[in-house]
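Here's what TrEMBL has on this protein:
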ACT_SITE  H456  active site
ACT_SITE  D508  active site
ACT_SITE  E517  active site
DOMAIN    571-651  domain 'Carbohydrate binding'
REGION    541-567  region 'Disordered'
Amino acid sequence: MPPPLWHFMRLQYLLLTSSFHTWMAVSATFVFDCVPPPKRTMARPIMSFALAALMLGCSLSSAAADGFSYREALTKSLLFFEAQRSGKLPADQRVKWRGDSALKDGYDQGVDLVGGYYDAGDHVKFGLPMAYAVTMLSWSVIEFEKEIVDAGQLEFALDAIRWGTDYFVKAHRQPDLLWVQVGDGDSDHICWERAEDMTTPRTAYKVDCEHPGSEVAAETAAAMAAASIVFRPYDSKYSDLLLLHARQLFSFADTYRGRYDDSVHSVRKYYPSSTGYSDELLWAAAWLFEATDDKFYLNYVAQNAVVLGGTGWAVTEYSWDNKYAGLQVLLTKVLVRGGGETCNATLNQYKAKAEFFLCACLQKNNGDNVEMTPGGLLYFHDWQNLQYVSSAAFLMAVYSNYLRMANANLVCPDGQISPEMLLKFAESQADYILGKNPKSMSYLVGYGSNYPTHVHHRGASVPSIFELPSAVGCIDGFDYWYVNKDSNPNVIEGALVGGPDLKDEFYDDRCKYEQTEPSIAGNAPLVGLFAALDGLEGDKGHSPKYSAPDSSPGSKHKSAGPNPKPNEAAVEFVHTITNTWKYQGEDYYRHQVAVKNTCGERITYLKLKIENLTGPLWGLSQTQEKKMYELPPWLQVLEPGAGFVFVYIQGGPQAAVSVVAYR
């Protein structure tokens, strides 16, 4: 646990250098959990197997061939969050070696802060990475809800999110005050004991008007805004509550600007803010726009794009600290679905920076690329590298969806990448994690037959309180369990450890915490990544389920232009129900409409009429005429045989789509 203190970002403008350079950290000796800034030395570029396969257009991996089950990996990734729970555990708790803990958190300060998540292998509740983890869990459900439902994991995903948001509601008792940490790293790391036995101080820390903390307040706003989208179909009152907190927290973060590690000094050694609060302010505003469709928030990210670095910083990392790449990808979604036309020029600048990050991961930036190991793993940091890999691969999976919606490719300085190739590269990173690596080691604990058994985690390394009821003391834990060469008595299933070094070397040693410690920030992006890949595997060999206006499977609805050739249609519409749910006794459906040019000629203008539409729609531009829609701004020409998709949500029968005019 703690993350590295160094984060390298480079300010990139449109002029890119052509020199190839990469960075490598010099190894250092650490004492317990202290991390000095490393020195950097030049390293030679490496052509990995994964990159070579990508450049040749080869399939990087096959779940069937390698025996990987992304569904099992998804299930275990969510299970890890139950192992990290703090507070009174529910009756349906699945991680049975855990017990109730920290039941008086906040009481010394007169506030109830029971609940939330322990950060990593320790027992501190750090607000910034916890909020980031909840944002990423929510984003996973938003983008891949159907896949998570199909895997039977929606209930557990919602539980994981709500365990965090319930805690945030407790921590936000006043509009301009937020409790952001319980416990401190220094005192916590002196002891090696189970959460159920904790004897270390549980001091609580807050930010307020006089002691601002814009990073953590804004990230918590983002988490609650994203979660409000997730819960809207299932619990509208709770969704509204989260949105109220999100609005207040964003206003607090923006009005009283200041670095949170200037107000909470104890966090500086563990989760310092190297990028400042600018990225979190933009990030929170972007999520509030997603949750509310309030143009105030869209205008905020547009008007502050330059001053807060949203369109200036081109980054080679996405993490709990550095939100720029995630922000840039999220705002690209606005371009794809429409609804932000007044800000399109600025949104395109965000999109350019999003693609810089993705191209850097793909080694296609003609210079400033992310380093890779010989075995094909992206390498960002010596400390817990896999948490940065999981977040990068998640963004690739999300962006590949956006590219499909836009019927576009990722354009890099060193070549174009199709949506399929982008997802394949994300898959290569997932497969490396699951065991397709030089060590044949699964870095997801409990997955496969060869995984780390000496995980740097206090609860996992000491026998359960139900097996060893007597308390394990602060120093006793170090003497008997920390240095114990035996495998951990408790398997912390689904934990993503820090992972191998730059040479693909890994040491399954509890003392090597930079390689063997898991964290909630590292695990959260895996949920969306594995869901996306499981959905991809599930689609193979299966016909899509189409829905006609009467919602019966198997039929297609086609509409022609005003003057089509005899017996021919200008475009074809294929309606697909991609998700269903019940709310207050009524069934709701998420409809995806694939539009394909079947007229044999280029279409430069398309006007559609959509009747019986009762819910929100994304992916078309609405005109001033009632029920009339046109091509989205990112799609100027629809080539013969080409297509795009738009999405809408409503209850009852599907909407009726027809062509009014085209040319």
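Residue numbers in this text run from 1 along the chain shown.
Glycine is no exception: its Cβ is also placed from the backbone N, Cα and C atoms.
Keep in mind the model is a prediction, meaning the values are calculated, not measured.
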- Do me a favour and check the Cα-Cα span between H456 (active site) and E517 (active site); whole Å is fine. 5
- Item | Residue among the active-site residues D508, E517 whose Cβ has the most other Cβ atoms within 10 Å | E517
- Message: What's the number of neighbouring CB atoms sitting within 10 A of the CB on H456 (active site)?
- Response: 27
- Model confidence over the domain 'Carbohydrate binding' (571-651) (mean pLDDT, whole number): 83
- Message: Tell me the Cα distance separating D508 (active site) from E517 (active site), rounded to the nearest angstrom.
- Response: 10
